[in-house]
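**Student:** Okay, so Swiss-Prot annotates it like this:
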- 1-148: region 'DNA-binding' (REGION)
- SER13: phosphoserine (MOD_RES)
- 30-56: compositional bias 'Low complexity' (COMPBIAS)
- SER62: phosphoserine (MOD_RES)
- 84-95: compositional bias 'Low complexity' (COMPBIAS)
- 105-117: compositional bias 'Low complexity' (COMPBIAS)
- LYS161: ubiquitin cross-link (CROSSLNK)
- 161-204: region 'DNA-binding' (REGION)
- SER202, GLU374, LYS405, SER426, TYR427, HIS428, VAL429, LYS430: ATP binding site (BINDING)
- SER202: phosphoserine (MOD_RES)
- GLU214, ASP216, ASP310: Mg(2+) binding site (BINDING)
- ARG244: site 'Arginine-anchor' (SITE)
- LYS274: ubiquitin cross-link (CROSSLNK)
- GLU275: 5-glutamyl polyglutamate (MOD_RES)
- SER294: phosphoserine (MOD_RES)
- LYS338: SUMO cross-link (CROSSLNK)
- LYS338: ubiquitin cross-link (CROSSLNK)
- LYS375: ubiquitin cross-link (CROSSLNK)
- LYS375: SUMO cross-link (CROSSLNK)
- 375-398: region 'DNA-binding' (REGION)
- LYS385: SUMO cross-link (CROSSLNK)
- LYS402: ubiquitin cross-link (CROSSLNK)
- LYS405: ubiquitin cross-link (CROSSLNK)
- LYS412: ubiquitin cross-link (CROSSLNK)
- LYS413: ubiquitin cross-link (CROSSLNK)
- SER426: phosphoserine (MOD_RES)
- LYS482: N6-methyllysine (MOD_RES)
Amino acid sequence: MAPPRRKATRKASETASGVSAPCVEGGLSAEPSEPAAVPEAPRPGARRCGAAGASGSRREKSRLDPREKPQVRARAARAEDQAEGPAAPTADAEPPAAPGHSLPRASTRSRGTASSARARRPQSGPPEGPGLGPRAPSPHLGRREEAPGAWKPRAVLEKLKLSRQEISVAAEVVNRLGDHLLRRLNSRESEFKGVDLLRTGSYYERVKISAPNEFDLMFTLEVPRIQLEEYCNSSAHYFVKFKRNPKGSPLDQFLEGGILSASKMLFKFRKIIKEEIKHIEDTDVIMERKKRGSPAVTLLIRKPREISVDIILALESKSSWPASTQKGLPISNWLGTKVKDNLKRQPFYLVPKHAKEGSLFQEETWRLSFSHIEKAILTNHGQTKTCCETEGVKCCRKECLKLMKYLLEQLKKKFGKQRGLDKFCSYHVKTAFLHVCTQNPHDSWWLYKDLELCFDNCVTYFLQCLKTEHLEHYFIPDVLSKQIEYEQNNGFPVFDEF
């Protein structure tokens, strides 16, 4: 039997009016620099990849098999100063799960030759994982002289503190909204009966800055006995099939040729929420216009103050994590092997984030998400169990992440699209931060008194990622290398996109 046709939609030439959904951390909404799913040479009997395969307008496939290309990056030796020893269990990065980051490029095409670009790439990081980009400087190597009139990070952090009163009001409104939607989705007539509510994102990770005005709520639906079919060797996007779907299942209506359609489920999910918010008392809430490619249904609470809430539908699978994550989550030297094993026994999630190929979207695909693992890591971030507890030593890890997020936020406000900063998302900063934590695992390297130096090290690492255009996804490390191979084999079409 011929494989089912896959729907494809062409990206609109103009964005729709209305407020765009904010970038959701943990990979749950469209990261501006998210690489497209990587096409591969057709194989006998393989499913045709990409929206183009469904519409008949196929993109040109890679001229060379990526497997014939030599290894671009060499594994770096462990730095001699890297201390070793058993790590105490403590509980990253959406994250979640999201495709790896090929960092955004500026609008100019004057980039030099491909060989010179490859020569600039740094060697890989620690042995765990295929490569983590540039080596982050270790705080214990020495302190820089403080410049006259140097900035005061603690004063900035004080300004970023959230008001307890604001937190209380915002949390009450958002929790009431979430509970109301949960009851409706679990009602007898709902196709989503059995969903659970998972609160994720920067607010619940306690790294929210400035104001409690953005929240993420993930509604998870367990789907037992599913089979994943990787989309175009992308490592992050998948078609979802049921190994055995009971007759009369409410999910039958979302099947298309045996594939669980992400677009159909998201459409129905959005429709239910749109109707239900009309019945929420004492809350002025509206739904924002759908953003192409985003898995989130964005609600705007207008009173008592404006709060943006991203509602995400996620499939929950308790099967083993996909093979593409095998070399990801490099936390053994930081949080310990036991913690890593425990985290990898947790479920993984799939969100209706469509794979993108050029200007086309494959609307039946789902994308991996690990936002719950990121939350667990940031909650228990110390190598010792008592790090940042009442009786323990306080570190400055979260403070560094807050400052990095604020730095990017302020630069985007100042320059916006003028310098291409709109292509960056706080998840890029978060991913870089997690790699610095991996390379500098010891709590003694993150003492609160060394905040200035630790933050400087984080910024230095991120700068190196920008200069080399290399930032590896924390959970799916091979995503970036596959995308680069595709670009190299096809004359770097990405240069024409900006």
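For all residues, glycine too, the Cβ spot is worked out from N, Cα and C.
Neighbours and distances for these, please.
**Tutor:** According to DSSP, LYS161 (ubiquitin cross-link) is assigned to coil rather than to any helix or strand. Shown in sequence order, the list is empty: the chain has no residue 6+ apart in sequence with a C-beta less than 8 angstroms from the C-beta of LYS161 (ubiquitin cross-link).
There are 24 other Cβ atoms within 10 Å of the Cβ belonging to VAL429 (ATP binding site).
Under DSSP, ASP216 (Mg(2+) binding site) is assigned to a strand (E or B) in the three-state scheme.
Neighbour count (other Cβ atoms within 10 Å of the Cβ, all protein chains): 8 for ARG244 (site 'Arginine-anchor').
In the three-state DSSP scheme, LYS274 (ubiquitin cross-link) is classed as helix. LYS274 (ubiquitin cross-link) is surrounded by 13 other CB atoms, counting those within 10 A of its CB over all protein chains shown.
In this chain, none of the residues that are 6 or more apart from GLU275 (5-glutamyl polyglutamate) has a CB less than 8 Å from its CB.
Within 10 Å of the C-beta of SER294 (phosphoserine) there are 23 other C-beta atoms, taking all protein chains into account. SER294 (phosphoserine) falls within neither a helix nor a strand when secondary structure is assigned with DSSP, and so counts as coil.
Taking the Cβ of LYS338 (SUMO cross-link) as centre and 10 Å as the limit, one finds 14 other Cβ atoms among all the protein chains shown. Secondary structure at LYS338 (SUMO cross-link), as computed by DSSP, is helix.
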**Student:** Compile a sequence-ordered list of residues in the same chain as LYS402 (ubiquitin cross-link), six or more apart from it, whose Cβ lies below 8 A from its Cβ; state 'none' when nothing qualifies.
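**Tutor:** Within the chain, LYS402 (ubiquitin cross-link) has Cβ neighbours under 8 Å at LEU157, LEU160, VAL207, ILE209.
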**Student:** Pull out the recorded positions from the set ARG244, LYS274, LYS385 whose C-alpha sits within 10 Å of the C-alpha of TYR427 (ATP binding site).
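**Tutor:** Passing the 10 Å Cα cut: none.
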